[in-house]
Amino acid sequence: MSSVLTIRGGVPLTGRVSVRGAKNLVPKAMVAALLGNEPSVLRNVPEIKDVEVVTSLLQLHGVTVVKDPLSGDLTLDPKAAKTAPSTAIDAHAGDSRIPILLCGPLIHAIGEAFIPDLGGCKIGDRPIDYHLNVLRQFGAVVEKRPGGIHISAPKGLHGAKINLPYPSVGATEQVLLSATRAEGITELSGAATEPEIIDLIAVLQKMGAIISVQTDRTIRIEGVRDLGGYNHRALSDRNESASWASAALVTRGDIFVEGASQRDMMTFLNTYRKVGGGMDIGEDGIRFYHRGGKLNPLVLETDVHPGFMTDWQQPLVVALTQADGVSIVHETVYENRFGFTDALIRMGASIQVHRECLGSVPCRFGQRNFLHSAVISGPTQLKGADIDVPDLRGGFSHLIAALAASGTSRVTGIDIINRGYERFTEKLSGLGADFDITSTK
Ligand code: EPZ
């Protein structure tokens, strides 16, 4: 069963939305519970597909996951962790990239892991070579098998001196989740230090892990034999908050995002202000609004933290189609993250994508045939169109473009958006969006 949204555009989004725990932390904190020998409690958990997928995967391994019907808080008890028949895990193949992070905890818990071929958004080929190299350096044996990868460590995992070729968030998480109970010291240089990484370190520290983040992006972990449980409130989702902020600009609206955290969005807020967006930063959230005048074009380059987050660029590109002049976006984290612009061009946007690095520094993708720079000319009048959602953030961008466009748009494939945006159709209704949802077979 899938749903189709019929959107009648031209209505400014105004009102209040509440943003809860970060999609890019909560599933990882759930996996971390498997490392403990006591139950853990995770709070501020959003109702999103990625949480459902990881809940199923953990239950397959004997972890009990109980959700509080009122608060949504999760209690995870790893006591009965056991190996799952690999066929059962296959049922979840293609849903998410999180399964790869089960390797370390499963090896510590039961000595082996079978990880299905991975899913996740189609924004590049999303390799896992860093993950597998890290596991090998910890002493694991990695074997490709039909439908996935079998990983084992007969002698357990031992600490290692690891250098990441790129500050990969996932690979950093792989190290954290494997090293905390490995024998000896692990030193990770070239680590990712995103807010979600720091929050995962906070979770592990609560369990008894000894982890320090040094000034040169090196993370040092002293392995311990046992870990306890944690009680943790997940940080809020800065990507969802930034998405609603862009929606306010695109639709000339005014949205209070309850839960938006200035600390985690500093770079985004600077960019938002430079584009000409209005904001009131409060203790319980941030009000984002269109100030009525022109929007300013800008030159933007995505980067790892504390740079401009790659997940923020797609919704903001829609706002740049309304800016008065030429903007340039150089995407340096993923090689293929401008596919969503095809639909915007069909709606009337003026966007060209290029192979060159159109930014201050050449990135890994220069001269490798990847269309990873975009030139956006505005303002352009967007017209409604039929759209099929390509991925999570691109899909949200299509929604806000359709909400701003004149005329009607028919948007299919919106179930992908449930992966990372909690109750987004209810939130759109609450903001005054004019649309119908119909379910198709
Ligand atoms: C996480 O993905 C997030 N997803 C992404 O958010 C986010 O965009 C990304 O980090 C960067 O911040 C989750 O946390 C679930 P990476 P991840 O490893 O860990 C390359 C969203 O919309 N790479 O930091 O998969 C990779 O191809 C999603 O919420 C390798 O080459 O990202 C990419 O070019 C989208 N080999 C770069 O590193 C590897 O083994 C960054 O990837 C791993 C990664």
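Cβ coordinates come from backbone N, Cα and C, glycine included.
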Of the candidates ASP73, ASP77, ASP311, ASP342, the one that TrEMBL places in the UDP-N-acetyl-alpha-D-glucosamine site of ARG97, VAL333: ASP311
Among LYS23, ARG97, which are binding-site residues, the residue with the most C-beta atoms within 10 angstroms of its C-beta: LYS23
Taken over the domain 'Enolpyruvate transferase' (8-428), the model's mean pLDDT: 93
Greatest inter-residue Cα distance in Å for the UDP-N-acetyl-alpha-D-glucosamine-binding set ARG97, ASP311, VAL333: 17
Integer Å distance between the CA atoms belonging to ASN24 (phosphoenolpyruvate binding site) and ASP311 (UDP-N-acetyl-alpha-D-glucosamine binding site): 11
Cα separation, LYS23 (phosphoenolpyruvate binding site) to VAL333 (UDP-N-acetyl-alpha-D-glucosamine binding site) (Å, whole number): 19
Where LYS23 (phosphoenolpyruvate binding site) falls in three-state DSSP terms: coil
Same chain, 6+ residues apart, C-beta under 8 Å of the C-beta of ASN24 (phosphoenolpyruvate binding site), given in sequence order: VAL169, GLU194, GLU196, ASP237, ASN239
